[in-house]
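The structure under discussion appears below in the form of structure tokens.
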């Protein structure tokens, strides 16, 4: 069948991701020889015990977080674009990230505003994840309800943007009243970061990611049907309501949990599906879904390598790097091909 | 009169169509009784806003009837599960947000979705059906093209091929000839006629091409303000039903040539 010819690009993408993982782990502010990096991963003799610690406790979880965030956000972007049949849709544009931000802002800053009794319970990592997922779920449901009434995809995007500015306003009010320490904690969270996660937290994130990705894969066939629009999908026996619900749950699990752990990372969700469509000109989701997963992981690994600036002490905010690297690439690809494939 | 009896594919009994919300019902047309048999090409004709699209949506189960019944193969449409309905009725719609990045083959293959497994893998039967419908519509040479490379007429044929691949006894088309030039209008309707003869499907389509429909269709459903007249073109010609399709004055029906003319 036709899908056979896309096996090679998928394989190349996969190999690319593997290479990037090794590059990502090998590069960092401390120079560790390749040999010792390998040795630490595979639990062999390492020249310096601190190197092993850096690789196993810091770089490896960071690389895995990069893979999870990149692929998760990219998939949620793809799901939104197909569900709304709109190339501009993505977790950020539709206000999902803002919803998650609002949840986190309420937990971090609201704890001090609303009084100390909750503060202890509220500030655990779990509560951040739950608040953030709930925040994005709420916004997504609101956008979805609006879309049921409106049926016009442009209006849906505008509503998403309205929700984004609404939640941003609430966050501003919260930050105005909250003490400097909490405010700083929130601002650092909003820069985005891949590196602060312990193995435990990576495990939690991976669990959410896994459920979200499985749900996305279970929708592949219906996603393809949705490429014809909802009326055709319905006439082909797809239960629109059920399908919508699954896609919404998958998206908010992915976008919500990732935003909670790694901060509101812009751009990846919107851009990766377009990048992939330019490289592999196909809209069949049984190819697009794995390609977008791999592409998202690859982009995030590259951005993370750039963010930690090998040989330097500084680490730049990942949120800035994704756009700095990704935006020119998308613009270049679109201008070069002159054809917008959607 | 030894002709075998033709099976009824679609039947309405006392059907009222229109819109309803919590507080009120807006009835567009009342008491529609029609019957369509296998192998028939049926046109739904009427002026803009008379309710053709609402009628077709009600027939295809997308919209609920206000009153009365729609029977597909003698079974009430509301009682048919969505997946089973997908194997009975296929649609060709206009102005849908279809992804133009699909290849012709992929788009036609989507017609097989009700029959494929959870991931949509095409079986040998599916591939055979797709090939057959590409052949029937005469677009085999287009199958590897992307939809954005096609002309409006070609795209219409592809959408028809998709509906044929769905392999349903009833195909419903909403204005399949809009945006097409006269040649392609005639071509598409002729193609539909050929498909009814070749595959024995019942095909119901809404159209503004009265002159073409009179020449090609087995049956015409004439929708006018709150009344529906059904019959073969010949019957309708004899009863003079066409004379009242349009408001008086501008366009008149010329019985001699069986076509509409502008009043000089």
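Here, residue 1 is simply the first one shown, and the rest follow in order.
Backbone N, Cα and C atoms are what each Cβ position is placed from, and that goes for glycine too.
The transmembrane segment annotation in TrEMBL covers A:7-27 (among others).
Positions annotated as transmembrane segment by TrEMBL: A:63-80 (among others).
Summarising the annotation, TrEMBL assigns transmembrane segment to A:92-122 (among others).
Residues annotated as transmembrane segment in TrEMBL: A:128-148 (among others). Taking Cβ pairs closer than 8 Å, the transmembrane segment (A:128-148) reaches residues 84, 91, 94-104, 106-108, 155-156, 159-160, 163, 167, 204, 208, 244, 248-249, 251-253, 255-257, 259-261 in its own chain, all 6 or more past its ends.
The transmembrane segment feature in TrEMBL is assigned to A:155-177 (among others). Residues 84, 86, 88-89, 93-95, 97-99, 101-102, 105-106, 109-110, 113, 135, 139, 142-143, 146-147, 183, 186 of the same chain lie 6 or more positions beyond the ends of the transmembrane segment (A:155-177) yet place their CB under 8 Å from a CB of it.
Here TrEMBL flags A:197-224 (among others) as transmembrane segment.
Marked as transmembrane segment by TrEMBL: A:245-267 (among others).
What TrEMBL lists as transmembrane segment is A:287-307 (among others).
The list of residues near the transmembrane segment (A:314-335) in space but at least 6 beyond its ends in sequence, with Cβ under 8 angstroms from a Cβ of it, reads 29, 190-195, 262-268, 271, 274-275, 278-279, 299-300, 302-304, 306-308. What TrEMBL records for A:314-335 (among others) is transmembrane segment.
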### Task
Counting only CB pairs under 8 A, let me know which of A:63-80, A:197-224, A:287-307 has the most with the transmembrane segment (A:245-267).
A:197-224
